[in-house]
Amino acid sequence: MQSQDLLNIAQEHGSPVYVYDAHRIVSQYERLTSAFAQAKSLRIHYAVKALSNLSILKLFKQLGAGLDTVSLQEVQLGLAAGVEPHKIIYTPNGVSLEEIEQVAAMGVQINIDNLSILEQFGSKHPTIPVCVRINPHVMAGGNANISVGHIDSKFGISIHQIPHLLRIVENTKMTVNGVHMHTGSDILDIGVFLYATEILFETAAKFKDLEFIDFGSGFKVPYKEGDVATDIEDLGEQLSERFNKFCKDYGRDITLAFEPGKFLVSEAGYFLAKVNVVKQTTSTVFAGIDSGFNHLIRPMLYGSYHGIKNISNENGRNRFYSVVGYICETDTFAQNRQISEITEGDILAFANAGAYCYSMTSNYNSRYRPAEVLWYNGEAHLIRERETMEDILKHQVPVELALEELV
Ligand SMILES: Cc1ncc(COP(=O)(O)O)c(C=O)c1O
């Protein structure tokens, strides 16, 4: 997408606004499937949590992908997008048995990540095959909050509990049709990831009814020039070969599954915001935008980096700015960042705004969530309207208190 296209969208749909480039999503999907082309059988489950707009889910359905979901509501969204239940995997953490049963009744593949629920589910529904989420105790991932496969993590069934897991399976006569792991987001080192897959292969060999092995995700995308990214082609080649060998040893072909979010949508997204005020203080120059962590929380939540361009003045002289929001707490998007000279009213474009951006928005400060636009074939399609005061008031139930009766 060109900057002029983004400027036109900001003009037509107002700011702040999220924009997603459909072509980029398609090319990332194709890059991923090509990287694993040698695998006997491949299934990509797009991680809905990254960006859950219905039109995005429909796009993935058209590409032939399945979905990775973590809540009943994400499953319902996937079904609303027309994705077949058997192409949806549900990997919750800490949810009730009742919710798992509800999702299982829809024909969705269940992935269970603790022994307590596994035992209860297996006892009640021995005929429904389940996948089990294994915690390989490998520290991968770019940040403590997104590294989920290590020993202190709340996710998955420890590899040290496999004998107990097998006993539950035997006692309940349930079927385990898949094993799964997710070591965390932003994997920097393929070697560490491949080490974790060896642990999963070793575990998988203990189950005789497998239909798939799901290696989760965590592929890192670049955020700025020179940034390290997961070498997906190298990983694809090495893991496909290893997977095919596993199938041979296992005695039959099963499916290699992944559930990426960031890799597929991060770079396709732009967040456009207008500069309300340029404020010079004794120590810095702030560019205050018409947004805050209610619309883009990643920099404040886990220090993520988003490239910022002044698309209203791309060729201007570079100056240092701290880009901040309008929220009543400190909400700094970028500190001391070189950006081409900013004038009030300019539009800033934040890069890597496809994954975990809109899906983490809130109404904090009673602000509206932004609009979302999908860019396809040179045309901008509005795929979600900006909220209005009606949305803010929708579920509120005003009560008039007769205060004089209280005293
Ligand atoms: C179980 C699981 N699968 C897949 C993903 C997607 O990860 P990513 O967006 O890094 O590809 C996550 C992210 O939190 C996850 O928890």
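Every residue, even glycine, has its Cβ placed from backbone N, Cα and C.
Per TrEMBL, these features apply:
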ACT_SITE  CYS328  active site, proton donor
BINDING   GLY218, TYR356  pyridoxal 5'-phosphate binding site
BINDING   ARG298, TYR302, GLU329, TYR356  substrate binding site
DOMAIN    18-354  domain 'Orn/DAP/Arg decarboxylase 2 C-terminal'
DOMAIN    24-266  domain 'Orn/DAP/Arg decarboxylase 2 N-terminal'
MOD_RES   LYS49  N6-(pyridoxal phosphate)lysine
Among GLY218, ARG298, GLU329, the binding-site residues whose C-beta sits under 6 Å from ligand 1: GLY218
Candidate nearest GLU329 (substrate binding site) in space, where candidates are the recorded positions LYS49, GLY218, TYR356 and distance is Cα-Cα: TYR356
TYR302 (substrate binding site): tally of other CB atoms within 10 A of its CB: 15
Of the recorded positions listed as LYS49, GLY218, CYS328, TYR356, the one whose CA lies nearest the CA of TYR302 (substrate binding site): TYR356
Segment-level pLDDT (mean, integer) for the domain 'Orn/DAP/Arg decarboxylase 2 C-terminal' (18-354): 94
Inter-residue Cα distance where the pair is GLY218 (pyridoxal 5'-phosphate binding site) and LYS49 (N6-(pyridoxal phosphate)lysine), in Å: 13
Separation of alpha carbons, CYS328 (active site, proton donor) and ARG298 (substrate binding site) (Å): 17
Annotated substrate contacts ARG298, TYR302, GLU329, TYR356, maximal Cα-Cα distance (Å, integer): 21
